[in-house]
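Asks: Features from TrEMBL:
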ACT_SITE  C414  active site, nucleophile
ACT_SITE  C417  active site
BINDING   R207, T209, W220, S272, H275, R307  FAD binding site
DISULFID  C111-C116  disulfide bond
DISULFID  C151-C186  disulfide bond
DISULFID  C414-C417  disulfide bond
Amino acid sequence: MWKVTLQAFGVLLLAWFFGNLVLGWFQQNNVKPQTQHSEHPSGATESQDQSCLCHLTGVLDDCFCDVESIDVFNNFKIYPRIKKLTERDYFRYYRVNLKRPCPFWPDDGHCSIKDCHVEPCPESKVPVGIKSGNYNKYGHGVKTMTDMTECEQAKELGAINSTLSNQSKEAFADWARHDDAQDHFCELDDETSPDAEYVDLLLNPERFTGYKGPSAWRIWNSIYEENCFKPRSVYRPLNPLSPTRGDDDGEGFYNWLEGLCLEKRVFYRLISGLHSSINIHLCAEFLLDEGWGRSTWAPNVKEFRRRFDTAETKGEGTRRLKNLYFLYLIELRALYKVAPYFERAIVNLYTGSSQEDGATKDLLLQIFNEIKAFPMHFDEKSMFAGHKIEAKTLKEEFRLHFKNISRIMDCVGCSKCRLWGKLQTQGLGTALKILFSEKEIKNLPEHSSSKGFQLTRQEIVAFINAFGRLSTSIYQLHNFRLLLKENR
């Protein structure tokens, strides 16, 4: 009898031991039985708390690449390098005209919020090789730096310098005569205008300034409603200016979108991706405190959820974030395509300091090498691939719509928002110009300039910084994942 009792006691002891072991494992790994409903302090479950990101997974529409692969590639390979590159002198100074009048409606006047102000950079602070003339694609390289005064340097040195003096002189003339207006997807600022000023992008970072409400809504509403090939009868989900006031679940809109040809669907996704990226920047650098005369910016999880959470956006947030990844792939593809242009020995990202210039180009080439090793790229050859006349007409319509969007950026009331809106729009426009110039780039001569394809310094700076902003957005998504996890 005692043996039976001992065996029964042993079974109970083992059951107790394994029960505690399993319970401890659940507690350590935060795993809860599905029948258990633990309350979040805000009344939301853990799955709801990260719902805007837990659905952000898998393959993207219109291309063959998954979100997880982009995350790893960007956060470990690209972001650290592109961040360093945009801090280099060549890429930190951007010449822009922030005083151009709005061409579409009466100007509301500039934002009076102090954080909207952009501090222009005195030309004395701008490296001599940059301010010497953005139109001089290749410098003469005849005199040495020590033989010239600053004024002479300003006349002689180009934005991209070459030591091949005879060819450079010819290139000067070619560049001055070259007009690729048909390839421009953006309304470029006239850099010779007295209102054009250099801005140090590192001293004027993109972040939330307090600029919001009807004025800001009108900018994006005009972009979406008038320039995305959309009929007036189809309303975007959550549009604050539509008659439905955002009550529509978006079914009608997305049925319309899926019925579009690939090119027009891509156009909408590019704009949506740009909008999402800008919103992430504002959430990551949100104005939290203005006390004691000093402003404090930090990530704002509540604002991030308001713009992207699945529950708060009726599922729209995940679509917005996927469009960000789609835009990232588009600009990544443009970087891949334009690599041969920069890899030529003749091309030097010129600031006037040979040490600075060499380090800058080496870093850019490192980025190109990483991009070439990435296996999943967007295939732009599927675009404008139909009947030649129809494809040409559609491409021109595509270009004009985007060019119009670049003009809308002159209507942004906040100067800092206008600065970064113009830069990122121009950067995307440059990416499109590159993607549609593949043949010209392939035929570039190695040791001389080309009449077929050129990039101004303004385009180069905008393009690299715009891609840097997208890379930062995807990196910031990782940070918001961690913050949402902490707040659950």
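The count begins at 1 with the first shown residue.
The backbone N, Cα and C atoms fix where each Cβ goes, glycine too.
On this model, are these features tucked inside or out on the surface, and what's nearby?
Replies: Cβ contacts within 10 Å of C414 (active site, nucleophile), excluding its own Cβ and spanning all protein chains shown: 24.
The number of other CB atoms found within 10 A of the CB of C417 (active site), across every protein chain shown, is 24.
Note: R307 (FAD binding site) has non-local neighbours N279, C283, T313, G317, R320, i.e. same-chain residues 6+ apart with C-beta under 8 A of its own C-beta.
A sphere of 10 angstroms centred on the C-beta of C186 (disulfide bond) encloses 25 other C-beta atoms.
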Asks: Measuring Cα to Cα, how many Å separate T209 (FAD binding site) from C116 (disulfide bond)?
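Replies: Cα-Cα distance, T209 (FAD binding site) to C116 (disulfide bond): 6 Å.
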Asks: In angstrom units, rounded to an integer, how far apart are the Cα atoms of W220 (FAD binding site) and C116 (disulfide bond)?
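Replies: Given the Cα positions, W220 (FAD binding site) is 18 Å from C116 (disulfide bond).
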Asks: Among the recorded positions C116, C186, R207, S272, H275, whose Cα is within 10 A of the Cα of C417 (active site)?
Replies: C116, R207
Asks: Specify the nearest of the recorded positions C116, C186, R207, S272, H275 to C414 (active site, nucleophile), where nearness means the distance between Cα atoms.
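Replies: If we rank C116, C186, R207, S272, H275 by Cα distance to C414 (active site, nucleophile), first place goes to C116.
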Asks: Hey, what's the Cβ neighbour count for S272 (FAD binding site) at 10 Å?
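Replies: The Cβ of S272 (FAD binding site) has 22 Cβ neighbours within 10 Å.
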Asks: Could you measure between C186 (disulfide bond) and H275 (FAD binding site) for me? Cα positions, answer in whole angstrom.
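Replies: Taking the Cα atoms only, C186 (disulfide bond) lies 17 Å from H275 (FAD binding site).
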